[in-house]
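**Student:** Below you will find the structure I want to go over with you.
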Amino acid sequence: MFKSLFSKIMSSYILIPTLILIALFVFLPYNLESYLAQQKKEELVKNGKEISEIIASEDRIDINKILSSFAQSLDTNLVLINESGQIVNRSRGVMRMMNQIPTGPMMRNSNGHRGMMMPNSSHMHQSMQNESMPNNQFQNLMGLKEELKKVLNGEIISFKGENKHLEQAIIAVGIPINDGSSRALFLISPMHDFENAIDNIRMLTLQVVIGAIIFALLLGYIISKSITEPIAEMKKKVNKITDGDFSTKLEDLPDDELGELGQSFNYMSAKLEENLSELSTEKNRMHEMLTSMTEGVLGVTATGEIMLSNTMVKEILSLKQSLQGRYFSDCLPQDLSEIISQVLNNNEEQEIEFELNDQILTAQAAPVKKSDKELWGVIILVSDITEIKRLDEMRRLFVANVSHELKTPLTSIQGYLEAILDGMVEDEEKEQEYLQRVLNETDRMSNLVGDVLDLAKLQSKQFEFELRPVNLKTLISSVYNNLENSLGDKELILDIPEEVYVKADRDKLKEVIINLLSNAIKFTSAEGTIEIDVQMNKKQDKVIVNVIDDGVGIPKNELAHIWERFHQVDRSRNPDQQGTGLGLAIVKEIITGMNGQINVESTVGVGSKFSFSLEISNKGVSSNDEKIT
């Protein structure tokens, strides 16, 4: 019925006082009326006894006069009745008051105990029509023969009732006359005086009740508001906190329990903000860690539901849909699902290596347990080791190539030297030829070792480039002179503007051009064409050098790896022209170290185009640029 706290407090302040006041309004007048009636009866009995004693002690007195005198002083009508029920004496106006005898009076004995009520006063009225008839029988008392007999025998009766004709309440008592004459004195008194007093009290009580209810209503409203308004304010603040606004605080708090509650609320709000901030920081840190990991991470509950995953695991497994909330058996590859099932069933760590979409993957799964050792779920780490496997293969090929490159010249050197030492070479000229070949093979091995060391130095950033203006046309011309004999029937086209300078380390730039041009010569057919094209991009202050050939080309899937050390393109395209796989790796490190960029475009069967760019340098020719070597 009362849902709000305000209505409950208001009802307690109004309902209880109202019920008490209503009860007071109802029972106070009633009890007061009973009390006054009892007091009046006792007064009438007392006065009746005194009058009866006077009547009993005097034989020759004017009883009517005495009765009228007492009636006037006591505001009571007196009637003296004999044993036959006849009116012997009366006070003035008694016949008018006889109409006020009630229908059911109570009889009271001399000790004050209640007896039987008298009958209706209308019975009396029939025999007392005329006040001048003293001997008129008290006809209305016919139903009181036994009670009258009791009064004549010494008992006292009392009663109250209402005159139906005058609409007035009366109270009466019957007192025996103890003189042996068998007479009874009846005192009949109207109740209008204390009825008016009771009506006034009832009206005053009603006014007090109404005023008290209004006061209780106002007091309840004020007190209820003083309690519910801070609570309502707390509710608003709680709603703001629910929306994420932790800056809100309760102010102007009262110095009571509600104030203490408000202070606790402010402390809770600050503590909650602090805890949520820590949780958010921890969550963001965890998210950043998961996002930045190069491995895929999965968390699976004991029921098989995926509750944790990072972006990398979707990339590794080539999954597009979200994994959160799904069952692992419905969305993960079979190999991975099997290892998760094994961990859930056996509660032991598992590791697997499998292939998926031309990738080589590894998965490590470990059980995650609660504090009570109960299995919570499984954490899985998925790694793409395709590149690692490829690099291992490249290293293996590199070792094989280096071993081959070193073994061949060493075998030649050993053969030449053994021939000389065994005296098999008698001709001095032939001996010099063998020694020259030994020297050439030694240079070849030295260059191979040098390439490995140079690449290691470049990649470790230990090499310092000496950047200075370099004339491209002069430098490329010197390279052409060095490699001219290697061209054979191949055509080399040079398109180089005059006076083009770049910021570069001359020796390292020459090494780059030699490497690119050597590769173009190596992988171009006997009658093919090679072109070196130099372009200037003045908007970007760049010079672009293009080395173009119409050779065998490079497969598309190899283009992303040709800059890696140890990498060699498929041997089947030119098995007689294989190197160590270090040349292009060195080229890229050199160009990058000189603040440049390099890229490649190639189509199998059409040819390749290697392009690199360097910063334009102000015109200034060094002595080394003018010297062609």
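Note that Cβ sites are derived from N, Cα and C of the backbone, with glycine treated the same way.
A TrEMBL annotation is a machine prediction, not a hand-curated record.
Checked TrEMBL, it gives:
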- 12-32: transmembrane segment (TRANSMEM)
- 204-223: transmembrane segment (TRANSMEM)
- 225-277: domain 'HAMP' (DOMAIN)
- 401-618: domain 'Histidine kinase' (DOMAIN)
**Student:** With Cβ-Cβ distances below 8 Å as the criterion, list the same-chain residues six or more beyond the ends of the transmembrane segment (12-32) that contact it, or say none.
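**Tutor:** Tertiary neighbours of the transmembrane segment (12-32) are 198, 201-202, 205-206, 208-209, 212-213, 216-217, 219-220, 223-224.
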**Student:** With DSSP as the yardstick, break the domain 'HAMP' (225-277) down into helix, strand and coil residue counts.
**Tutor:** 39 helix, 0 strand, 14 coil
**Student:** For the domain 'HAMP' (225-277), report the average pLDDT of the model, please.
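**Tutor:** 77, rounded to a whole number.
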